[in-house]
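So that we are looking at the same thing, I have put the structure below in structure tokens.
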Amino acid sequence: MTAQEIRLCGLLMREHFGEVVEKVGTHLLRNGAQHLRAIVHETGVSMDLVKKSLCVLMHHGACSFTSGRKGPGSPPEYQTSCDRILRILRYPRYIYTSKTLYGDSGELIVEELLQRGHMTMSGTIKTVADRLTQNMEEKQSVEYSEVSSIFSKLVETHFLQRCPPLDRAGITDSSAKAAPNPAAASSGSTLSDPESFSECYKVPHVTLAGRGKRQLATEKGEEQRNAKRAKMDPETHGDEGIYWQVNYTRFHQHFRDQAIISAVASKLDQTSSEIVRTILRMSEVTTSPMDSCTKPLSANEIFRSLPPSYNIPRQILDQYLTLLVDDPMEFVGKIGESGGGMFVVNLHRALANLARATLESIVQERFGSRSARIFRLLLRKRHLEQKQVEDFAMIPAKEAKDMLYTLLSQNLVQLQEIPKTPDFAPSRTFYLYTANQLPTARMLLQKCYKTVSNLIERRLFETKENKRLLEKSQRIEEILASLQAGGAEAEQLTEVDEMVTASEKQQLNVLKLHVNKLDSAENQVDETIFLLESYMNSTCV
């Protein structure tokens, strides 16, 4: 865990959970597993706030606990997961993907589970149905069965999974007592793998009938009382104690597949990408995230599963498969020759090629096309002398020397000395330039973390500087909403709207533009982070 990762985790925790949770979480990231009293003593935060902070982190799966290192009876120790906290950065992408695949219901289901960490199926369905009904016209509402159907589809495609039960987590009695609540304990332990739980994707029979209810405008105090009343509601639906969470690994698998499909479409054509999409879709649930390739499929199986709208004849399909297998990128591989052979998508090879293209693109953007040509050449040839680089890249000696030294100073290429004699005399030593993809990807990943941290800090600064104006704008919007609900006249609405002056409106528009640009930049950098992380994880298998 690097300093840049800890800094980014701290900013994400501050933005989503508050400063106290950030302090406790960052302390655990820096110091490793600690028991409760040590955390209280070293952070200077009260015992009650530390407990609440740990509870929040556990609810979101970012904190785990194990029995103490001193044996039975010793206090449990808590530790936070850096990888899990960094997933917060990808929340908008998870939600957008759910909306694309399953519509508004899918979007709100995933959003609720991400915001709350884990929920029961019945609780999620009720909340989502109420939210959808709230945004519909009068006398229109959403049935619980509609939302339940989408929830079941998300589980069927493994985008949602059950939290492993506490008894399977291997937690000792003392650890269970230390957990803030059983639900948090079930999601907070790292000793359990949801995939190893046999009923991980089994949807319980939920007895839930009715429609979403429209919430009337209430005061803040009354909202809290209603929330408390809903919590104490004794009504049962048959899924008590069964909590659900978002399966991040499955979303990452989907992002990886989409990246491969887009790469094939840009390299070859749309039909080739549709064939690759079909292969990936047929094995998306059966292929493990760490597998190097998809399960083998025959040409007949691929032909039967192609979308009818494409209407590709079998002969043309065989030609496309041959083209994909012979392509230098090697996204698709062929196993055996009997019966026309079996076809697979080489996932690890595809990730390596995508990471390589990303590195080359970064070098080109920062140092120009000629430097990118040298970097690409060194990745392919591995070791070259300066004279060989000049000849192969067809760049004048002086320019090639400057570019090589610039890349060397940025740690994008390395210089290896191979002496002819033991004295390392310069005249009798070969100086070979080389580029290594994995260390370069690791270094650029850290720079991406730093970039995202800077973007978040800038956004928080912009928001803090204009806090008063934003609060005023929000108050006026609330007044306008309540007046419109009460059927106020147009003159009254105009009078309230004019409470924000023209200069303030202009300032707000500029602020929104800046914040939107920063948000967009965060998402774009996160796409690069995802590709580099996926590539590095694939090389560790």
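Backbone N, Cα and C atoms are what each Cβ position is placed from, and that goes for glycine too.
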From the ranges 67-92, 171-196, grab the one TrEMBL calls region 'Disordered'.
171-196
Quick one: average pLDDT across the domain 'RNA polymerase III subunit RPC82-related helix-turn-helix' (8-66), no decimals.
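Mean per-residue confidence for the domain 'RNA polymerase III subunit RPC82-related helix-turn-helix' (8-66): 90 out of 100.
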What counts of helix, strand and coil residues does DSSP assign across the domain 'RNA polymerase III subunit RPC82-related helix-turn-helix' (8-66)?
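DSSP classes over the domain 'RNA polymerase III subunit RPC82-related helix-turn-helix' (8-66) add up to 44 helix, 6 strand, 9 coil.
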